[in-house]
Amino acid sequence: MVEVQEVASVPAKTNLLGLSQSKMEAFFESIGEKRFRAQQVLKWIHQLGVVDFDEMTNISKDLRNKLKDVAEIRFPEVMKQLDSVDGTRKFLIKVEGGSAVETVFIPDGERGTLCVSSQIGCSLDCSFCATGKQGFNRDLTAAEIIAQVWIAAKSFGQLGVNGPRKVTNVVLMGMGEPLLNFDNVVDAMSLMMHDNCYGISKRRVTLSTSGVVPALDRLGEYTDACLAISLHAPNDALRNELVPINKKYPIAMLLDSAKRYIEQLPDTHRKITIEYTLIDHVNDRPEHAHELAELLRDVPVKINLIPFNPFSQSDYKRVSNNALRRFQTILIESGYVTTVRTTRGDDIDAACGQLAGSVNDLTRRAERYRRQMAQQEEAVRIVGN
Ligand code: SF4
């Protein structure tokens, strides 16, 4: 008979990186320490960029040793940092399980916006989105989300005493649908806005959703960050094609929910950002602009037009400059603040909608798309012969 030896399992260390203030306080209580330690450690990690317990000098040596036994500050690995000629910086970040996500920093005068990913890939498969074509692997943890902010800020020397404020804004518009990863996103956003962490104003942190209405209905209980809606179409028929989740939560339901979110915020002048990716001969006609103006009549919005950025797995084309100008003019004349997102970081594939990372796809969607593309190319080759 084989004797089975019991192996004492070593309890996993708690990763402190993604803990919100309340979770950090609960952690310190759980190890028999005072709750105020949470503030100190949050400040060390997120404001001063210190991740070695031995350097946390306002904490006693005994507690530092205790922390080393039970906790860690563990980061995903930066595989690549790419710098564009226009100042855009992209990070390719490898997460546990072997996939990689992308984070992009876009400078604009005094402002620096960090576009953060919330999931590895995305399950929603919007037809114009490179991330959607990659399939889906899993949600990012709160630690993996806030690590993107830490990594970018650290790369600019922002963390520490009197570091330059380079990352002034954060948008959750990278890979993934943030509201499908609710708890982790909310925890990470609380760290972005916390005075002892990054101290970014609630007016400068924006969550962008394609329309997960039940989660949007709960959002106001947890945060007062800004809201963007990935709309991309002025009616349900067209939006069903571009943003399939619309079949479940149609436009009227989504806009009602967004209005409720914005109206319950204590500051009254905030607007919802409407994102509208303009695709040549799909949603860029004057009648679409008029329909959009009518649709948004009673919603407090500003509109951001995004020229579609072509990528290999899509047949869509970039909107023409004429159509773009015409579309914008109609909206402005209808009384909407309407901006056009300029393409940045083209030379490092960091433009909007191009974030693809490297997803170990559990949905096999990426494989299906590759097969479809190969079949189409084969058909074109046969016709051409
Ligand atoms: S646009 Fe957003 S929600 Fe749609 S597939 Fe891309 S990442 Fe997902």
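Including glycine, each Cβ sits where the backbone N, Cα and C put it.
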Residue in Ser201, Ser208, Ser334 which TrEMBL records at the S-adenosyl-L-methionine site where Gly176, Glu177, Ser230, Leu231, His232, Asn309 also bind: Ser208
Rounded to the nearest Å - Cα separation of His232 (S-adenosyl-L-methionine binding site) and Glu102 (active site, proton acceptor): 23
Cβ packing number for Ser230 (S-adenosyl-L-methionine binding site), 10 Å threshold: 25
In sequence order, those recorded positions of Cys115, Leu231, His232 whose CB lies under 6 Å from ligand 1: none
Protein Cβ atoms within 10 Å of Cys115 (disulfide bond), excluding its own: 26
